[in-house]
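J.: Take this structure first; my questions come after.
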Amino acid sequence: MEKLRFGLVLMVLCLSTSLVKGGDPTLTFEWKVTYGTISPLGVPQQVILINDKFPGPVINGTSNNNIVVNVFNQLDEPFLFTWNGIQQRKNSWQEGTLGTNCPIPPGGNFTYHFQVKDQIGTFFYYPTTALHRAAGGYGGLSVHSRALIPIPFDINPADEFFVLVSDWYTKSHTQLRKFLDSGRSMGRPDGVIINGKGGKGDGKDEPMFSMTPGKTYRYRFCNAGSKDSINVRIQGHTMKLVEIEGSHVVQNMYDSLDIHLGQCVSVLVTADKDPKDYLLVASTRFTKEPHTATSIIRYTNGKGPASPELPKAPIGWAWSLNQFRSFRWNLTASAARPNPQGSYHYGQINITRTIKLVNTAGTVDGKLRYALNGISHVNPTTPIKLAEYYGVEDKVFKYDLMKDEYEPPAGKAEEKITLAPNVVKVIYRNYVEIIFENHEKSVQSFHLAGYSFFAVAIEPGKWTPEKRKNYNLLDAVSRNTIQVYPNSWAAIMTTLDNAGLWNLRSNSLERQYLGQQLYFSALSPKRDLKDEYNMPDNDVLCGIIKDMPLPKPYSV
């Protein structure tokens, strides 16, 4: 009987997997997630490792590849990964947030199975449970164009390098969590790391990257940090920006680039200087006392150490805003599909709904909380997606507690913050405009899962409908994160054409943990497999649905 049951489960698994797989190649990984003691900033501390590595392995795929990652959680706490920027078409089951998935229990395992459907670009993965991201557990994820689609580069890169920059705390993730749970802030990070290392900058570090004179290389940068924007630059070299979060962009040259929390870019760098060592520099932005890390780029057969004089970082956020405005979508380039990016005329689509989100900070029962439009998200013990699938939403959360319009109290009046799951019901395939309004003194960064959006404007002040005349409706970059400067607003536009449950979150770890996030529920009205996949047979179950009978599956 047990053999028969196993055979049936295996057959169902194969059938459900084939829905995702199609005829596209599959990349398979097995990851063991453990603690290990290393010293990113020179102080021994407990760090989350993947297969004994920090950062974790780079997933190096091609558009439409199927990715299979079998994760063994050998930590003492529940754990999840998210795949930041991967759209998980029809498949929010693989999103890996606490709203979509039950976490992998200690000693347990779960196999993620997803397709990088119609995507190319630079992304990364990281833990979404507790404050695990502050302890590592992250790594790079690159998706290349298929061979039949031309890449808009004059020169094919000789090699490519992933550069994960991050602010870093020497306190453990458990200590930082105790701070937040007790009502305190995490405080300032202790430094910056590049691919897990602080870099002494004394010329004695081992080289992290190597370039052959005359060759061109692709550097893929992501800010995987918890709190700070980071500026990156390379001694004596300019960087040609070629891609932002899955979009080819107009190829301008930059001496340095601001990369805000959760953001990824890729650049081309040519080894056309005197053959010796040069420093790649990463430093925090918009902080009173900037932290800096360096790593060595060594020319092969080069002679001589890098200069101790570091290229200076820009000052102020007006510079950063102007840099954002210089980013343009490459309308003639093809991305994951053969048709040019510019063949999608997003500026000619009628907006069906405008949602204005105001980020705020306040206290509830004397403890620090962060909110969007007065709602501070709390993860229910039954994930929202599972509650929807099993039809028990009314026992777990309420839709639409948050309003589309919000004005925080004037002056010094205390904002009333409501603690609850923040779930916004949206109409599948509608075209929406989302405004982020930041009344605070620090730069914010937000990520929208499940979609790419057009970042059409960032401006100082408050948003009004008249501001739409300033939108870039021709060649705004299609991406998945957006920064919002102090006392400023940002506008994005997107089609909600991916059925599922999708997280919009602050990329600040502290703000995200303390409630500055929400979920968009874009349900297919037909429960049709053409729109969305069924719950995977291997899904971890928890909460009130754990022992319930399976609901009727979606069908074609």
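Any Cβ shown, glycine's included, is placed from N, Cα and C.
Among the features that TrEMBL reports, signal peptide is placed at 1-22. Annotation source TrEMBL lists domain 'Plastocyanin-like' at 33-146, 160-301, 403-524.
Describe the structural context of these features.
T.: Computed over the domain 'Plastocyanin-like' (33-146), the whole-number mean pLDDT of the model equals 98.
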J.: How many helix, strand and coil residues does the domain 'Plastocyanin-like' (160-301) contain under DSSP?
T.: 9 helix, 69 strand, 64 coil
J.: Where DSSP helix means H, G or I and strand means E or B, what are the helix, strand and coil counts for the domain 'Plastocyanin-like' (33-146)?
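T.: Residue counts in helix, strand and coil order: 7 helix, 52 strand, 55 coil.
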J.: What are the DSSP helix/strand/coil residue counts across the domain 'Plastocyanin-like' (403-524)?
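T.: For the domain 'Plastocyanin-like' (403-524), the helix, strand and coil counts are 11 helix, 54 strand, 57 coil.
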